[in-house]
Structures are given as structure tokens and as C-alpha cells.
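To start, the structure itself, in C-alpha cells.
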Amino acid sequence: MGLLRRPEAWVFVILLGSYAFFWHARDWNSASRLMLTYSLVDRGTVLLDGLDQQTGDIAKFHGRYYSDKLPGYSLLATLPYALAKTVLGLPPHPRNVAGLAYWPADYWTTLGTSSFLSALSGVLLTILARDLGCGPRRSLLVGLSYGLATPAYAYATMSHGHQATAFTLLASFTLLWRETQKRPAVRSFLAGVLAAYAAVIEIQVGPVSAILGFYLLAQVMTRKRKLARLGEFAVGASLPTLVLLGYNFLAFGSPWDMGYFHHATDAFQKVHSAENPLGLRGLAGSRVLPLLWGGYRGLFFYAPILILAFPGWIVLAKRREWGMAVVSAATVLAIFLVNLSYPEWTGGWSTGPRLLVPLFPFAMLPVAATLAAGGRVTTWVAVGLALAGGVLMLLFQGIGAHVPQFIADPLREVVLPLWSGSALPPWWVSGRFARNLVGLLMPGPLAQLPERWQGLQFAPLVVAQLVAIYWAGRLTRLSPAPTERANPHPGSDLGVDQEQNGRRDHQDAQDPGAEPAGVEPDQAPGFVPGRGVNQTDGDHQR
């Protein structure tokens, strides 16, 4: 029963189970990464010769084909693919065949990479929410909102690099922010590995990797960390960097060359080059509004829960949680500015602002701070925003989550008509609804339903989610009060006195995160009733 009372366990199971329900058709982005994975495992080579018909996201160098993507995601995916291939007896991917929309290995590889890492991101956010003072049910809300009520839901079911990038960056930050007396050298080393590996998956998040390095530098300069932590971080960061340089040398004959320099598709050749590998141009102010709001690519339209990030940053600043406040805000800003500068800012066939997806977990951190500081009204507002985002994401997931960039209002022009049984658009290349477990198990009964009722195939998923969330909320509220713990983030000042803690306990008892009678409400980690915050820095040698 102990595990059933832990909100992070419920978050992991609910998210991974929700992601496992879907099997989306390939797109070029996913196929390019998957082909490299299959080539590595099936044939032990980085060459994609014979697989070039599977994607237009491909590089051609000296007459041979390669993925145009950085290798980070594909390397991660080799483990789940090799495991699925061994256990299930999956055949090698066929070569020299026309592009395939579906291949069994795609499902298992995506589930073991994007879906698994996305569920872990939800777990980390749940843990960090507890650190910030959220009770078990509020922290549950944070983790589930991220995984089911933002476009993270869609990209957790695709083999794009966004969700793997989001996890590695968030995990690196978590190791730096929560460092305790236990193995600080190992934690700094792993934080460096994760921060650098994010840029080996998607090079455009390199600025965020640097932000994490500067965060550690600030901790050292303020004597909250030993100087040795910088060296350990740097050594860790060097390993993924060497992997990338080695891959580039193996594929293109130079550690400084990469697939982006050799696009075989004319449209991408005009964006990426050796002189400008990211393809960035000047900041385009005209993109700010459509990237923030509106049914086209609006951040707050597709992820309304993130509106609560703004008061959360104020809360973090008032609590003098400068590390989390600055790193989360800087990360959000850096990724947003890169998107503003990218000519293909729309993300092509996608759900919402695809290129902003790696910022979502960092924007959820101040959302958790808002919930920790707020009361009953704040919690219900968050629930409402999460429900709105969750319904929207299910609608997009249901039709395959790929809406072309030339559609001005994806929800009204494509998604709702498909759900209501209207005729398929002439450019639509797949079925009305995405492949899913119910459709695969019950194809006959579904085919007999009128088209306007075929959306009922997603009802079992929704029912299962609601039942699981109900029991998660019911069981996690019974979790015993945590014992006194050391401050997980040395140097923070969440100073609250006993009277303030008493007011919070009374407040928690009146909102959806309330504890039942006889159970002591949660104290935020690092809060010692009657004694303030434990300010001991287990890493700094005084």
C-alpha cells in the first residue's frame, strides 16, 4: 500500500498507460530518428541506404544517406528497440520499400523512449511540486497536467526528440536543485551528462544546457557548492559531446560536420547550412502573438494551465527561490526566442507550438509554486484549466495529432469536423482517427458504427483515466505526514514560521488537496515546524 500512496507512482502509471493507448502514423521527423535506430540495431551502421524512402528528413553525403537529425534520440531508442525485437521476435525493418505509415517496432520503440521519458518527467515534476509545498493531490495535479493537458501528451506518443530533450533538461536541473549530502559528486557529474545530452538530441536547446551550467557556477560563487562540482559537471558534459563528435566523424568524416549541412530536401537546404546549422534568422516580432495565443500555434491556447506560471514566478521571487525562478524563466525565454528566430517556426504538421515543447516542464515549475501558495480557489482554477487542456489534447490525439501548417484554425477546420463525422479533407493521408488499442482489438464493431459515433473508441481510455485519477486522489490523500527532511535545495530561503504553517494547514483542509481527519497535512520539504527552514548545506564545506 505504501507505493499506492505516493503521487509520483500514480503519475507514472497513468501517464505511461495513457501514452500506450495510441499508435500514431509516422511523420518525417519520427521516421528519420527511427531509421537511424533500426539501422544501428539491425545492421550496426549509421548509413540509411535502402531506408531513404521512409522520410524526407534525410541527409545525403557522397551518395550515401544518413539521418539529418542529431543522433541523441536514436541512440536512446536502441535499447527499447533491441529489447522489443528480442522479446517479441520483431523482424528487421525492410529496405528498399515505399514509405510505411506503420511498422510494429515503431510502437514499442516510441513507447520505450518518448513515452517512458515523458512519464518520468511527470514524476520529476510531482516530486518538485512536493518540494515547493504542494500536498500530495496538488502535486498529482501538477504531474498529470503536464502529461495530459499540454501538447506534451501528443509528443509523448511520437518519436520526435522534444520529450526526451525535456526530460534530460529537467532531470539535470533536478539534480542541481535538490542536491543533498548523498553523493554530490555523482549528482553533479550526472547533471552534466544530462544537460549536454539534451543538445545531442536537439541542438537548439544548447542555450538551456548553458543556463544549467551557469546555475551551478552561481551556486559555487555563492559558496553553496564546492568548486569541485564544476569540474564534475564539466567532465559529465564532455561525454555526450564526444559522442556527438564521434558520430559526426563516423558519418561525415569530420567531428564538426553534421546532417543539417547535407539536407537532401530542397526546402530544408534553404534553412540549415554549415554557416548556420540551427537555421536561425533575426527575431520576428510578428510571431510573438500567434505563438502565445490563438488556435493556430498559441502556447496558452494549447496549454492553458501554463497561464498560472506568471503568478508562480512572483511566488518564487517572494520566497527567494532565485535558482528555480531564474532557471525556469530563462529556459522558457531561451526556447521561445529560438522559436521566434526560426523560419520554420510553425513546426509543420503538428499539434500546437511544437518547437516550444521542451519548455513545458520548466513552465510547470512556477505553476506548482502557484498551487503551493494558493488556496481553494486557486486549486479549482488549476483543475479547470487542466480539464480544458486535457479535453483539447484528447481531441487532437484522437485524430492523429498531425495537422498541417497551412490550416489557420486546426481545431475548427480539421479536428472537430473529423470527430463529428464530416468528410475527410482531400489532403488527409490517414484514417479518421489514430490507431489505438481499442481500434486494434475491436475493429469489426467499430467499423459498424456511424462515423459520427466512432469517437466512442476513446471512451474506455477516458473512463480508465478518470477511475485511476479518482483512486490516486483518494489514496494519496491518506499518505502519512513526511518525517523531517533536509532541505533538498541548499541556499533557498522558503522561510515561514510556525504561524504561517498553521494557516497553510487550515487552508489545505478546505481545498481539494485536503487531508482526512487524523492525518497531519504535508509540510513542504525543508520546513521544520517551529524551527523554520533547515539551511544546512550538506555540500558546502564550511
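Each Cβ is built from the backbone N, Cα and C atoms, and glycine gets one as well.
Taken from TrEMBL, the feature compositional bias 'Basic and acidic residues' applies to 500-509. As annotated by TrEMBL, region 'Disordered' applies to 480-542. Residues or ranges marked as transmembrane segment by TrEMBL: 9-25, 107-128, 140-158, 194-218, 230-250, 299-317, 324-343, 355-373, 380-399.
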Contact yes or no, the transmembrane segment (299-317) and the transmembrane segment (355-373), 3+ Cβ pairs under 8 Å, gap 6+: yes
Contact call for the transmembrane segment (107-128) and the transmembrane segment (355-373): at least 3 Cβ pairs under 8 Å, seq gap 6+: yes
Tertiary contacts of the transmembrane segment (324-343), as residues 6+ beyond its ends and Cβ separation under 8 Å: 132, 169, 173, 177, 204-205, 207-208, 211-212, 215, 271, 278-285, 287-288, 291, 309, 313, 316-317, 353, 355-356, 358-359, 362-363, 365-366, 369, 489, 492
Highest-contact recorded stretch vs the transmembrane segment (140-158), from 9-25, 194-218, 355-373, CB pairs under 8 Å: 9-25
